[in-house]
């Protein structure tokens with residue numbers, strides 16, 4: 001079954017999870033099933049649970065993974081909410097690919113792309129908050145904080161001022177109108193559209209992406225089983241993953257100013273498998289340009 005989405009770093013994912021044999025594999029971001037299909041094919045003794053909050057993606061994946069129906073099941077919802085319900089399972093591996101799928105980006109009705117007639121950006125179409133409310137209803141100081149923190153936009157004040165002036169004329173109702181507004185006043189850097197970081201910031205706010213991955217990592221640390229691999233697409237997420245992995249690998253819990261260790265120096269939960277994040281090969285980057293910003297980190301908990 002042909003997928004509308006190319007899974008990033010698929011070979012690297014398979015390599016990280018190659019030692020797995022039996023147990024459960026949790027795909028926290030099932031999407032269109034590319035990673036899950038590869039794992040199920042490579043590990044005939046693994047059972048897999050796929051999680052996603054997008055009903056369209058789940059519908060597609062159920063059909064794609066039908067040949068593995070005896071070893072595959074799914075849960076609809078946020079992975080930060082589903083993971084705690086799986087704690088008692090013999091988990092061998094956990095994967096999370098934190099990004100927007102190609103189908104979500106390319107489907108104009110979802111309001112993610114620069115040319116969309118809608119301004120939406122909800123990964124879960126049934127969620128209450130959308131980009132329309134963020135752009136048109138948030139006060140200026142809150143918008144500025146979002147652009148500064150989630151988009152790391154240096155001229156966030158200028159951007160908010162432009163949006164505020166535009167709102168006086170009427171509601172901004174399409175992603176295309178917003179991207180054109182930004183394009184008129186901000187320069188393109190290389191091949192990067194000037195609205196890229198602003199759209200990223202709005203999407204993160206709409207879907208609570210940083211809160212979601214933070215809560216999930218907290219739960220994964222409590223589960224403390226098997227191998228974990230996280231694929232992120234921007235520096236904020238990657239930094240969060242890096243810090244959690246570092247915390248899990250710390251043997252000493254004493255404060256930095258402590259004269260000597262008094263905690264026993266035996267608190268590490270496991271080891272970091274990737275000293276530096278794995279990135280797409282030149283071949284993959286060329287075949288799938290959206291893989292260029294992908295970074296994968298992996299960790300193994302002590303058995």
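Note: Cβ is positioned from N, Cα and C throughout, glycine not excepted.
What Swiss-Prot records for 33, 34, 35, 52, 79, 97, 104 is S-adenosyl-L-methionine binding site. In sequence order, 7, 8, 28, 29, 31, 35, 231 constitute the residues six or more apart from residue 97 (S-adenosyl-L-methionine binding site) in its chain with CB-CB distances below 8 Å.
All protein chains shown were included, and the count of other CB atoms within 10 Å of the CB of residue 79 (S-adenosyl-L-methionine binding site) stands at 26.
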